[in-house]
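What TrEMBL annotates here:
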type	residues	note
SITE	Arg152	site 'Required for activity'
CARBOHYD	Arg152	N-linked glycosylation site
SITE	Arg159	site 'Required for activity'
Amino acid sequence: MAGTTTAATPLLKDELDIVIPTIRNLDFLEMWRPFFEPYHLIIVQDGDPSKVIKVPDGFDYELYNRNDINRIMGPRSSCISFKDSACRCFGYMVSKKKYIFTIDDDCFVAKDPSGKQINALEQHIKNLLCPSTPFFFNTLYDPFREGADFVRGYPFSLREGVPTAVSHGLWLNIPDYDAPTQLVKPLERNQRYVDMVLTIPKGTLFPMCGMNLAFDRELIGPAMYFGLMGDGQPIGRYDDMWAGWCVKVICDHLGLGVKTGLPYIWHSKASNPFVNLRKEYKGIFWQEEIIPFFQAAVLPKDCTTVQKCYIELSKQVKDKLGKVDPYFDKLADAMVTWIEAWDELNPAGASDQLPNGKA
């Protein structure tokens, strides 16, 4: 009929879950409504399970609190962090979708230099649906973007690329800084919008931030464990980075790609640097041991699945990092528990038989 328009079907509408960890009402979803409303949300409530979390009307969601985690996982719930945003990885485990997008509740819709609102979810999906090039760097960055291609001298045998497992987005306004940098640059804001996506090369680690992140759950999901952080643990704010180091080693071993760059979100508020310093201070020392460990980590050829890779990595964590602090023995055990719980809730070939919701 003349004068009518048909709205485009959102990309991967039935194949993607949005996972949000929170301790507060989710009013921030109103700004995201045009982009998120067609999708299913998994909300992981941290802290006091008796607190009522309000979600704006019109969203399709499941809400899990600590009581739900304990009920669903039983004794294995000990591997899910408490009073830390690392609890979000429970949402990854109970999802039955192929893709996951996770975002923090203090992140809002950013605008590009032209003033247009950025559909971060759509850009993440585009990143995940096109190949990565980890084995040879293309100086025009992502050759699969419109207006780009492989440059002269790029081997034709590598131009097919590999599947993209992770899309790591960035932030305008409040940068993702550690506490010491926050303290010396309290007023710094990121205003640089760089129109770029690139594949992180094989053998190169990166500090993964979980506030604006998407991944192919089927390709890398079992490695997206955000560790033991927060309440009762000697360290916090290293949850996403720990997952990123594990994921990158496994992606390199299995021939999968990790992209970083677009999309941007608007990070609205900086956390308290003094509180952060208390959470981070052991990590600041430990990372000088942790990063060389991951840089040197080698997985044997018989590690052909993410689960096998992760179990092997847990053994190496216990063997090498256990000497740094007893915490890493505990973390290595939790990594094994995580995989056991993942496999129990996601049995091979039975992904459609489990309910995606609370009993």
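Note that Cβ sites are derived from N, Cα and C of the backbone, with glycine treated the same way.
Across the structure, Arg159 (site 'Required for activity') and Arg152 (site 'Required for activity') are spaced 12 Å apart at their Cα atoms. The number of other CB atoms found within 10 A of the CB of Arg159 (site 'Required for activity'), across every protein chain shown, is 15. Listed in sequence order, there are no same-chain residues at least 6 apart in sequence whose CB falls under 8 Å from the CB of Arg152 (site 'Required for activity').
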